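Asks: Let me give you the structure first, and then I'll get to my questions.
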Amino acid sequence: MSLYPIYNFSAGPAVLPEAVLETARQEMLDYNGTGFPVMAMSHRSEMFLSILHHAEQDLRQLLKVPDNYKILFLQGGATTQFNMAAMNLAHGFRTADAVVTGNWSRIAYEQMSRLTDTEIRLAAHGGEQFDYLDLPPVETWDVAPDSAFVHFAVNETVNGLQYREVPCLSEGMPPLVCDMSSEILSREFDVADYGLIYAGAQKNIGPAGVTVVIVREDLLERCPNDIPDVFNYRSHINRDGMYNTPSTYAIYMSGLVFRWLQAQGGVKKIEAVNRLKAQTLYETIDGSDGFYINRIRPNARSKMNVVFQTGDEELDRRFVLEAELQGLCLLKGYKTVGGMRASIYNAMPLEGVRALADFMRDFQRRYG
């Protein structure tokens with residue numbers, strides 16, 4: 001057993017609230033006095049349908065989702081949504097637009113381009129413009145008014161980039177399709193500004209295995225009949241999310257996280273905590289006299305994924321190793337970026353971030 005508290009800074013699957021894990025432990029063999037473990041429940045049983053209903057309603061309340069939006073709990077991860085969004089929403093359109101701001105939006109653009117006859121245009125490219133050290137301002141996006149949609153990722157986990165204000169387009173422009181996997185429920189935004197939102201659960205929602213999709217009802221009219229039903233949003237909605245067996249346990253766990261968020265005071269309260277956590281780490285980096293380096297423009301720094309390095313690969317490796325020995329786990333940066341990355345999603349307690357900041361200062365004292 002570790003001498004230190006264990007803090008999980010993984011980018012995903014990520015930390016889950018301790019209270020949620022405790023509830024899941026207590027209900028592992030007997031859910032709510034039913035005698036059934038959730039993992040063994042039929043997805044069509046009244047017991048599970050109640051779990052699904054409450055998860056959907058709690059998410060709708062947390063995000064203030066308007067009535068004309070449908071919520072789905074699907075499988076396949078956010079990467080499947082790169083394809084599903086294009087397959088369902090681009091049908092009959094000559095073009096769709098994509099904004100590339102980092103690793104995952106780049107992959108989304110590439111995948112969308114493969115799966116539809118619609119031309120996927122680059123509305124902006126943060127790599128070409130800023131070497132992924134800043135974000136293309138929304139007002140500079142080259143959006144075609146008659147495009148099917150505009151796809152973007154609001155937070156880039158690999159590069160440590162995040163739009164400070166959640167982007168929205170003016171009336172009459174194409175609907176926004178947004179990958180919110182790594183920041184959904186971390187701050188307030190207006191769902192009505194978007195046509196479709198998707199998010200893999202394993203960062204801010206719950207364990208891996210479920211993907212949340214929030215889609216405006218009128219866009220479902222675009223879904224073509226000649227794509228497989230399993231990839232058709234309308235097929236899932238027409239069957240109340242039961243087209244195939246959903247990820248029952250991941251949905252149950254996500255529902256527990258939604259209840260935990262409500263108990264914390266909702267998204268507005270968790271946003272304030274997230275702001276303080278990010279501030280704690282960035283102040284430590286900026287106050288290190290150059291020992292720690294974060295090259296991202298300050299107004300584009302992510303509050304979810306804080307990337308940094310020492311400028312010495314061997315010292316970075318030593319940092320990751322020594323941090324883990326003190327219970328600060330999974331801080332290694334993404335393979336294409338290197339350095340360190342601290343993912344500080346909703347469930348990461350402020351105490352964990354402060355412990356990391358203390359370790360960073362101590363490490364600098366010893367090796368600076």
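Cβ from N, Cα, C; glycine included.
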Asks: With A78, T79, W104, T157, D179, N244, T245 listed by Swiss-Prot as pyridoxal 5'-phosphate-binding, which of these, Q57, Q129, Q202, is given for the same site?
Replies: Q202
Asks: Roughly how many angstrom lie between the C-alpha atoms of D179 (pyridoxal 5'-phosphate binding site) and K203 (N6-(pyridoxal phosphate)lysine)?
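Replies: Checking the Cα atoms of D179 (pyridoxal 5'-phosphate binding site) and K203 (N6-(pyridoxal phosphate)lysine) gives a distance of 12 Å.
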Asks: Can you tell me how far the Cα of N244 (pyridoxal 5'-phosphate binding site) sits from the Cα of R44 (L-glutamate binding site), in Å?
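Replies: Distance (Cα to Cα, whole Å): 11 Å.
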Asks: Quick one: Cα separation, A78 (pyridoxal 5'-phosphate binding site) versus K203 (N6-(pyridoxal phosphate)lysine), in Å?
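Replies: With distance taken Cα to Cα, K203 (N6-(pyridoxal phosphate)lysine) is 11 Å from A78 (pyridoxal 5'-phosphate binding site).
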Asks: Express the distance between the Cα positions of T79 (pyridoxal 5'-phosphate binding site) and R44 (L-glutamate binding site) as a whole number of Å.
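Replies: If we compare the Cα positions of T79 (pyridoxal 5'-phosphate binding site) and R44 (L-glutamate binding site), the gap is 27 Å.
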Asks: Which of the three DSSP states, helix, strand or coil, fits D179 (pyridoxal 5'-phosphate binding site)?
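Replies: DSSP assigns D179 (pyridoxal 5'-phosphate binding site) to strand.
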Asks: Can you count the other CB atoms that lie within 10 A of the CB of T245 (pyridoxal 5'-phosphate binding site)?
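Replies: Total other Cβ atoms inside 10 Å, all chains included: 10.
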